[in-house]
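A.B. asks: I'd like to ask some things about the structure below.
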Amino acid sequence: MGPPLPLLLLLLLLLPPRVLPAAPSSVPRGRQLPGRLGCLLEEGLCGASEACVNDGVFGRCQKVPAMDFYRYEVSPVALQRLRVALQKLSGTGFTWQDDYTQYVMDQELADLPKTYLRRPEASSPARPSKHSVGSERRYSREGGAALANALRRHLPFLEALSQAPASDVLARTHTAQDRPPAEGDDRFSESILTYVAHTSALTYPPGSRTQLREDLLPRTLGQLQPDELSPKVDSGVDRHHLMAALSAYAAQRPPAPPGEGSLEPQYLLRAPSRMPRPLLAPAAPQKWPSPLGDSEDPSSTGDGARIHTLLKDLQRQPAEVRGLSGLELDGMAELMAGLMQGVDHGVARGSPGRAALGESGEQADGPKATLRGDSFPDDGVQDDDDRLYQEVHRLSATLGGLLQDHGSRLLPGALPFARPLDMERKKSEHPESSLSSEEETAGVENVKSQTYSKDLLGQQPHSEPGAAAFGELQNQMPGPSKEEQSLPAGAQEALSDGLQLEVQPSEEEARGYIVTDRDPLRPEEGRRLVEDVARLLQVPSSAFADVEVLGPAVTFKVSANVQNVTTEDVEKATVDNKDKLEETSGLKILQTGVGSKSKLKFLPPQAEQEDSTKFIALTLVSLACILGVLLASGLIYCLRHSSQHRLKEKLSGLGGDPGADATAAYQELCRQRMATRPPDRPEGPHTSRISSVSSQFSDGPIPSPSARSSASSWSEEPVQSNMDISTGHMILSYMEDHLKNKNRLEKEWEALCAYQAEPNSSFVAQREENVPKNRSLAVLTYDHSRVLLKAENSHSHSDYINASPIMDHDPRNPAYIATQGPLPATVADFWQMVWESGCVVIVMLTPLAENGVRQCYHYWPDEGSNLYHIYEVNLVSEHIWCEDFLVRSFYLKNLQTNETRTVTQFHFLSWYDRGVPSSSRSLLDFRRKVNKCYRGRSCPIIVHCSDGAGRSGTYVLIDMVLNKMAKGAKEIDIAATLEHLRDQRPGMVQTKEQFEFALTAVAEEVNAILKALPQ
């Protein structure tokens, strides 16, 4: 039968969601299941064939002989979780007897890490114990009743430790009253459950034990203050009264070794998973007073009576005990443990035993003080000692390991175990004692307690008997001996290691394991897999003992069986029948083997597969990235190489004979021009002519074939001139006067419109064969001022082209050639004019079309080269310098002579027909670029727009006036200069706005020149 229905309903109402897992299918209460938890806290949990194994938390029942020893490593977070779970279970009425409690706490402990201990060697002979198994059981039964009676009056304190909410406590009280107590179920066990839940989370401030003793000794017990981190309970509860007694009981270790097969918790502590708490000898040996009438064996009766007296004083003086802290209670417990060790030696050995322990008999000669009136009578001392031993033995078996181990783990200032110095000396002085049963079976804790019991037995009696028990207890708090204080820390550690090595048990039994691909593996799946292996080997499933699931693996031990199957046989059979086992179990077996459980470390297969998958994915991504970079680099290289290859082919095709000297010289010139950077310093006004294209753009990036870029160059300083400051200011005043005086500007423009050039005949331009070559009949070349082509080289065998040379100061060498934008029929004539006049700079001041009206024919190739009659034009580069203009470079080749020339075109984009640019600054910047390219050349500059008069005339006027000022002219007459231009080509500067723009541009440039001059 499971728990009653009202209890389950109350549990569902009280428990919050997901705090405790659902209870499994229950069995009748009181049924002793294997592996039950809580045997350290409550008796009656383990069966007759089971022993309580100390797992460092609650204790676990295991079948005898117990083979699986481990300790849980409990973190502060895990302790808090266990405390909450215990509070809720205790508050709802569950005890350790309930299967639901077992299930919940087993689930809570399943995720805690374990440290596996080395079990005692099975072959090592066990010496017979001083107490038989029957006497041990008798002590256990009698001690349980005595301890229950002794501690039942302290139940208010234990209940006060449970800090559960009022609702939980009320529910627990009603539930406990409603149901009858089961066998082995008492309030003491439940109270201890609550007590452990609270005290396991205690923490103490860090500090050395030496500092604690120094602070403790000068004070009396009545002056002690409660620890700050101790649990807070009601002031009316005698908390420290019970705590002192429990701590004294908890520190006790049984004096005699257990019999064979005994696996009580105090004996399992021989192979600790961590260093035990330090127990140091008192600083000064003292003796305890003996009761009257017992001079024969003071160790057997006097110490026991004194311990009993101390316990009674703890009852009578709760006010003094209430000030004790956790660390001080631990000290009292250790002291009483040593006294109890001495009592046991006196009972077991008598005076000879005391002599064997190295005593000189000085205790018998010391004074014997009497106890106060509340001491026990002489004839009842031995019985009281028996009862006292039963109480201590009972409490040691239930609470000793838990309280002391938890306290040790939670003390941050705890020191490693220090081996007493006189132990090695006593062993060497008494070699026969090394073969005794006590040393053969003694653990680390027993060696420690026995050693210090000798020092406690040799203490001097205190001056005050009976009533001064608390003063004696305070003065006898354990302290470091002089030998230990003088010993270096390294030597202490070395001695401690040596002592532990002497008592370490043998390696634990090898275990078989099977690693699967499922992480975590469920316990039922692991058991089913082991059962499949058992059926495969035709052995009973009971041959596989201690089946446990660790992550993705199931571990087991093979016990003795009729078929003599060993763990190695199981491993071999698993490997040979891997496919069959995988088919029956539905699991994939990754690994099998045999090894020590403490050394088994399984790599989760999923993590391994995930790591492998991640590694493969990262490798593929890296390879893809590298491949992408290589492909991109190769593509860029191929594109650039292809472009260069096409350019070389075009350049090589300019010559008819690849082997000719002219072609080789031309190719070498091209390579030099593409590789040479311009000089850093500006060229002088009279330097030699340079034919390198790169030198034309010394203030900008080097052009590359078919490259397009943009840059602004307005920050460039104006060209240096020879104009002095006075002349500049005079010219600037003249310009400003013209611009401000609108009437004067109007009169000058009217005079210019009425001006007629002499001579002004245009008969050649008006011939019938030449009329189609004119874009506008309003702008025809004068007969005396026109460019003559070589008729023998012309495709039309004519010397006419609508272009006029513009002379400046030298009538033999024109500075400009003003011409119209080429027509489709005159493109060859245009390139012939460029070639024959030796021009290297073309200034284009019009877009190709305006509002759908063609302004100029596209007379250059967009890419590659075009052939115009005998002239091949190859586009080398095109640079967009700003929004207003761009620059193109051409290679011009005469196919008749195989000669080549570099021609640069400056194309201004934002100047429309019969209009002006939006800003004079952009045109002045454009002019600087043109002059920088042209500087040092003697050939004319070809300037054209649509008709070759309005915009071309304005540009030529501005450039001519500024060049004169740069050469140091003292007087400037812009109107006269314009009349000079119109004498050579009609219609130059077509509108008044264009004339006014010319004045503004000149004034702005003069102002810039004046700013650049040194003041």
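Using the three backbone atoms N, Cα and C, a Cβ is placed for every residue, glycine included.
Model, not experiment: these values are computed from the prediction.
From Swiss-Prot, for reference:
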REGION    1-421  region 'Involved in localization to secretory granules'
REGION    117-141  region 'Disordered'
REGION    277-305  region 'Disordered'
REGION    350-384  region 'Disordered'
REGION    421-512  region 'Disordered'
MOD_RES   Ser436  phosphoserine
MOD_RES   Ser437  phosphoserine
TRANSMEM  616-636  transmembrane segment
REGION    675-719  region 'Disordered'
COMPBIAS  688-698  compositional bias 'Polar residues'
MOD_RES   Ser692  phosphoserine
MOD_RES   Ser698  phosphoserine
DOMAIN    745-1005  domain 'Tyrosine-protein phosphatase'
BINDING   Asp913, Cys945, Ser946, Asp947, Gly948, Ala949, Gly950, Arg951, Gln990  substrate binding site
ACT_SITE  Cys945  active site, phosphocysteine intermediate
A.B. asks: Near Gly948 (substrate binding site), which residues of its own chain have a C-beta under 8 A away, given they sit six or more steps off in sequence?
C.D. replies: Arg775, Val779, Asn802, Ala803, Ser804, Ala818, Thr819, Gln820, Gly821, Arg985
A.B. asks: Calculate the distance in Å between the alpha carbons (Cα) of the residue listed as 'active site, phosphocysteine intermediate' and Gln990 (substrate binding site), and round it to a whole number.
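C.D. replies: Their Cα atoms are separated by 12 Å.
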A.B. asks: Which is it, of Ser946, Gln990: the one of these binding-site residues whose Cβ has the most other Cβ atoms within 10 Å?
C.D. replies: Ser946
A.B. asks: Quick check: which same-chain residues outside Asp913, Cys945, Ser946, Asp947, Gly948, Ala949, Gly950, Arg951, Gln990 lie with their CB within 8 A of the centre of the substrate site CB atoms?
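C.D. replies: Leaving out the recorded residues gives Val779, Gln820, Leu845, Thr846, Arg914, Ser952, Gly953, Gly987.
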A.B. asks: Pick out which of the recorded positions Asp913, Cys945, Gly950 has the most other Cβ atoms within 10 Å of its own Cβ.
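C.D. replies: When each Cβ's neighbours within 10 Å are tallied, Cys945 leads.
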A.B. asks: Listed substrate-binding residues Asp913, Cys945, Ser946, Asp947, Gly948, Ala949, Gly950, Arg951, Gln990 - what's their greatest C-alpha to C-alpha distance in Å?
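C.D. replies: Site span for substrate, by Cα atoms: 13 Å.
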A.B. asks: For the domain 'Tyrosine-protein phosphatase' (745-1005), what's the model's average pLDDT?
C.D. replies: 92
A.B. asks: Which three-state DSSP class does Gly950 (substrate binding site) fall into?
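C.D. replies: The three-state answer is helix.
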